[in-house]
Amino acid sequence: MSVDTYAPSSALSFLDMDDNELLPGADTQPTQYDYRDFTMPSTSQSQTQNDQLEIAQRCSAGDSHPRLASITNDLADLQFEEEDDEPGSSYVKELPPHACKYCGIHDPATVVMCNNCRKWFCNGRGSTSGSHIINHLVRAKHREVTLHGEGPLGETILECYSCGVRNVFVLGFIPAKADSVVVLLCRQPCAAQNSLKDMNWDQEQWKPLIADRCFLAWLVKQPSEQGQLRARQISAAQINKLEELWKENIEATFQDLEKPGIDSEPAHVLLRYEDGYQYEKTFGPLVRLEAEYDQKLKESATQENIEVRWDVGLNKKTIAYFTLAKTDSDMKLMHGDELRLHYVGELYNPWSEIGHVIKVPDNFGDDVGLELKSSTNAPVKCTSNFTVDFIWKCTSFDRMTRALCKFAIDRNSVSNFIYSRLLGHGRADSNDEVLFRGPQPKLFSAPHLPDLNRSQVYAVKHALQRPLSLIQGPPGTGKTVTSATIVYQLVKLHGGTVLVCAPSNTAVDQLTEKIHRTNLKVVRVCAKSREAIDSPVSFLALHNQIRNMETNSELKKLQQLKDETGELSSADEKRYRNLKRAAENQLLEAADVICCTCVGAGDGRLSRVKFTSILIDESMQSTEPECMVPVVLGAKQLILVGDHCQLGPVVMCKKAARAGLSQSLFERLVVLGIRPFRLEVQYRMHPELSQFPSNFFYEGSLQNGVCAEDRRLKLDFPWPQPERPMFFLVTQGQEEIAGSGTSFLNRTEAANVEKITTRFLKAGIKPEQIGIITPYEGQRAYLVQYMQYQGSLHSRLYQEIEIASVDAFQGREKDIIIMSCVRSNERQGIGFLNDPRRLNVALTRAKFGIIIVGNPKVLAKQQLWNHLLNFYKDRKVLVEGSLNNLKESLIHFQKPKKLVNSMNIGAHFMSTIIADAKEVMVPGSIYDRSGGYGQGRQMVGQSMNGGQYGGSGGGPYGNSPLGYGTPSSNSMVGFGLGNGGNGAAGGNNNFGGAGPSWAAAHLHHDSIGYISNEHGAAALGNMPVPVGMFMNMSNIPPRFYNQHQQAIMAVKQNRAIQQQTGNFSPGNSGPGVTGVGVGRSATPGGNKKTNKLGKSRVTGGGTGGAPLTQGSSVCNAAPYSQHPMPLSLQMTQPSGFALSQQPELSQDFGQISQMDGLLSQDVAFNASGERSLNQFSQPY
C-alpha cells in the first residue's frame, strides 16, 4: 500500500449511517491525522553526552532551536519534589486521571483507556519491548480500548465496522479505493468476505491496528522522546508485579511495589536432598502454588449467555451440546473435565447440574458435549439463558501432596536404595550399584512384538538387572516396544504385579495395547470421570472387565438394573458398591500388569496391591511430584523411560516453574550421574530427515533402521532435490498478534501452507497422512479457518488434516509434516522457537518428508536456527518462489559459530532449571565439602585443593573425580582423565613450569556450569554427567554408523600413535601413578598386574587413578600436549569428560567400547588453552 493513497485529513470524507446501508451497524471513526505521514517517532530513551554538550553550547551561544524551545516550554510540566514531602507523593497527586498507570505520561493524544479495568496507558515503549497499553492488554488479558476525547480522533471505542467486535488484536483497517475512508474490520470473518469487493474496498490492503506491539501512530501517537525520558522508568519485571497486584487489589499503585513480600519467590528445587523431609518441604509449596493457580484459572472461566442443544446418548443419559466463546485462558478443556450447567432464564425454574465432558472442540466443530450425571428436572425445552461454570478438582494435587508426605515419613514407601538415589545420595561412579542376581532370559524379545535390535536388548538387559534405571528413547526408536518387552520379562522373571504409568491417558493406552499383545493379564485403571470415554483399550478397562465377569451374577443383575433405571435403592446401592469393590480387588490382585496415569496411581483401589516393579513411560513429561505418586507404592525396582532432548512437563504457574517444578525427575537423575541407556536405531524418518537431529541432538548415534527406498513416496511433488524429501520455503510475510494477545499468526505463511497442502492432496496424499505443526496457537486457529474458507478443495478434506502445536505432536508421527514458523519481525526475537527441544520434536515427526515455511533472515539471528538453515542451504533445499518454480535461495547466512562441544552440539543449547540448583551440604555426610579428604576417601567431592598435589581430592574414582587432579595456580597435574590413569602427582606442572592461568578455568570438571555457561566459574559441584551425555552401546560395528570415513580414519591413526608412544607426562611428575589401561597401553609407574580380562592395573606412588572393576570399559587417552585427543575422551560440554571413562560404560560386560572413538572428531588444546577443532569437510 502506497503512503500516497490517502489525501490530507481535510479531504477525508466519512460514511453516514443514514446514507450508507451496505452493512448494518456500519460506523467509521473521524480523524484529523495526516495519512501521508506514516513515520513513527523514535522510541530510544538514551541521550548521549555529546547531545547534552551540544545543547549546552547552543544555550550559551543564544542559539534558538525548535527542540530546545520545546524543552523550555515543557519545563512547566516537570514535577519537582520538596525535601519535606513524602517520596513520590506530589508527583502522583498532580497527575491527571488519564495518566499512564505505568509511567505517568498524560498527553491525551498518546494515551488509551482499557475498557475492562478503566485504567489509562500510553502508546510509548519506555524500556519494554512493546508499548505500555499493549503490555497491559496482554498481561491482563483485556481486549477493548477507548481513545481519549481530547485526542485527534476524539472519544472513540475501537470496533469492527461490520460485526461490532471490539477485540483490538483482531482489528485492522482497509482503505476504500475511491474515497479517502478508513474502515475498521476484524481479521476474520469480516475482512476475508468476498462481499467487500462489491463495496469498493480493497481487502488485500487490510493491515492490523497493532504493529511491532504498538498501536499505529496515526491512531494513537507515541510520546515524544523527551516525554519518555522525563517519565517514570518502569521495567518489564515491575510491570509483571504490578499486574499481579491488580488482580488482588484493583487500586494498587506503583508505590505498592516497594512493600516487603511483594516479590517473594518460593524456595528453588535442589539437586540433592538431606532426607525425605527436606524433599517434601521443597516440593510441597510448589505443588500448592500450582494448585492455587489452577483453581483461580478454572473458577474465573465462567461463561454466560450460552445456547444449548439437547440430545440423549446411547446410554440413555442426557447430553447438552453448546459452544464456548473463544477465551484467552491458559486452560484447555479435556475429556472427563467436569462442568456445571446453570439455567438462569425466566421460562423455567432455576436449575443446575454437573456433567463431564465427552466431546471437545476440534476441526469439525466447536461444540462441547456435556453428559449430565442426572437429568432430573432438566429444562430440555429451553435452549438459551444458560451459564457454564468450570469445576476445579483438587484430586491430582492432593495425591501428589500425599505422595510427598509418604516419601518423607513411610520407610516402606520405597526401597532404601531407591530412596537414597532419589535424594541424590548415590555415588556417581556407580561403584555402590546393586545388581539383581538371578537368571536372565535367553531370548529378550516378547511374543507378538517385533524382535529387538541390539541397543534395545541392552536396554532390556540393563533394566532387568538394576533397581533403578533410565532408558532414553529418541524419536522413532521403538521406546514403546522396548517398554512393553521389559514389562513382559519382569513378569516372567519375578512374577508379581508390575505397575505401568505415563503422564497422559494417550501414552498409557498406547503402552497398554502393546503389553496386551504379549498375552499378559492387563488391567487398565482410569478415572471414573473417563469411564464413558471410548478408547482402543476400553475392553481392558477395570470397569468394563467387571461388567463382563461371568462369576458374579448378582453384581451383573444390579448393574443391569442401574443402567435401566438410572439409580438403585439405598440398600441395593450399598450392596452394589460392596460387590463391585470385591470384584475390583479380585481383578487387580490377579492382574500381571496394571496400567494407569501417574496421578491415577494414587487411586485408593491400588493401595492394597503389592507391586514388584514400576515402569514410568514418557517420564520427561511428568513433574517430579507427579512421578512420585506411583514411586511411593513400595516397589523395589523403578524404570524411567523418556527423552530429555524432547519437551518436558507443562507447569502453568510461572513462579513454580521458575523454582524448578518444570524439571522432571528423569532429568535430575541424569544430572546426578545416573546415565540412561539410549535406544539407537530409528525406524521413523527418511535417512535424510534424521541426519540433522541425529548429529545435532544425539551425537550422531542414531542409526537408520529404514533406508531411503523404504521412505520414498511415489507422487508428483516438486521436491527441489528428489533424493532429499525436505525443503525450507523462504516466506517474508509479517507476523501479527493473534486474537488472544498472547500468541502470533502469519497470514502469508498460512497462505503458503494451504498451497502446499492442496498440492499434496491433489497428488493423492490422504488428509490423515499430513500433519501441520506450528508453535503458536494463534497460527493454528487461523490455519484451521483459513484452509476451510480459502482452500480450493472441499472443506471436508482440510478438516481431516491434523493441525496442532509442537507440544501436541510429541509422541506422534505423520507421513508428511508441514511446519509454519510464524515469527517474522525486526526487533521482537523468535520467542520459544529458540527452544532446542521444541525444534527437535518438530523435526522428528515426519516419516517421508518435511517442509518448513518461515523467514530465514529473522530465524538465522539465533544460533540454533543458523545451524539448521546452513544445513538446508548446504543441501540446496533452501528455496523460494512458487511451488511450480522453486529456485534455490540466494540468501547468505553468517557462518555458524564454532562450538566447543562439536560432538553433542545440541547440548550447547540445552538449559535446565537444575543448572542453577544448589546442592544441600549435609554436615559430615559424603557430600560435605567443608573438610579435607583422605587419600582413600570414596566421595563425590572437589579435587581443586590448590597448591602442588596430584589428583588427591575426594573423587568418585578413589581420590579424584575421573582420576585426575584439577589444576590450580601452580599445578597442572594428573591430566589422565581416568583413561590409562595419567594421575601424576605433585611437583611442577606437565610443562615443567608454572601452570597456565587458563587451566583452572577450562579443565576443571565444573559440574554446574557445564549446562549454563554463565555459571561456569561459579561452582565446583558433583554432577558427573552433563545433560547431553549418555551411554553409547558397545561393540556395534562401524558400518552401522553414518559417520564420515575421515573421522574413522583419524581415530585409527590416533590410536596407532598412542600404541607406539604410550602415555607419558613431560616435565617433573610425582613419585608414581595409579592408572587403569587396556593391555600394554596402561601408563607405567609401578608393578603391573594383569587380570583375566586382559586389562592391566598399574600400582605405584600416585594417587590419581581409578581402580578397574569388571564391567568397566576404558579407552586410553593420549597426552593432550602431544597428540590430538578424540573429543569423546573429553567432556562434551565446555569442560568435561566422556562416558567411556566411567565404569559400566560397556553394557556388554568386560568388552571394550569402540563407539566413542568412531563417533568422535579430533580435537586438541591450542597454546591459549582453547579447544581447536579439526573439523571435517562435512560437519553434519
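Glycine is no exception: its Cβ is also placed from the backbone N, Cα and C atoms.
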Region 'CC/SHH/C' range according to Swiss-Prot, out of 56-84, 114-142, 491-519: 114-142
Given Swiss-Prot lists Gln456, Gly473, Pro474, Pro475, Gly476, Thr477, Gly478, Lys479, Thr480, Gln646, Tyr683 for ATP, the same-site residue among Glu338, Glu802, Glu813: Glu813
Candidates Cys100, Cys114, His132, His142 (binding-site residues) - the one closest to Gly476 (ATP binding site) by CA: His142
Cβ-centroid neighbours of Zn(2+) 2 site Cys114, Cys117, His136, His142, 8 Å, sequence order: Asn115, Asn116, Lys119, Phe121, Leu137, Ala140
Pro474 (ATP binding site) CB neighbourhood, other CB atoms within 10 A: 25
Nearest recorded site to Pro474 (ATP binding site) by CA-CA distance, among binding-site residues Cys114, His132, His136: His136
Cβ-centroid neighbours of Zn(2+) 1 site Cys100, Cys103, Cys122, His132, 8 Å, sequence order: Ala99, Lys101, Tyr102, Gly104, Ile105, Thr110, Val111, Phe121, Asn123, Gly124, Gly126, Ser131, Ile133, Pro223, Ala231
Using Cα positions only, nearest of the binding-site residues to Gly478 (ATP binding site) (Cys114, His132, His142): His142
CB within-chain contacts under 8 A for Cys100 (Zn(2+) 1 binding site), separation at least 6: His106, Val111, Trp120, Phe121, Cys122, Gly124, His132, Ala231
Secondary-structure category, per DSSP, in which His132 (Zn(2+) 1 binding site) falls: helix
Where Gln456 (ATP binding site) sits in the secondary structure, as DSSP reduces it to three classes: helix
Other CB atoms within 10 A, centred on His132 (Zn(2+) 1 binding site): 28
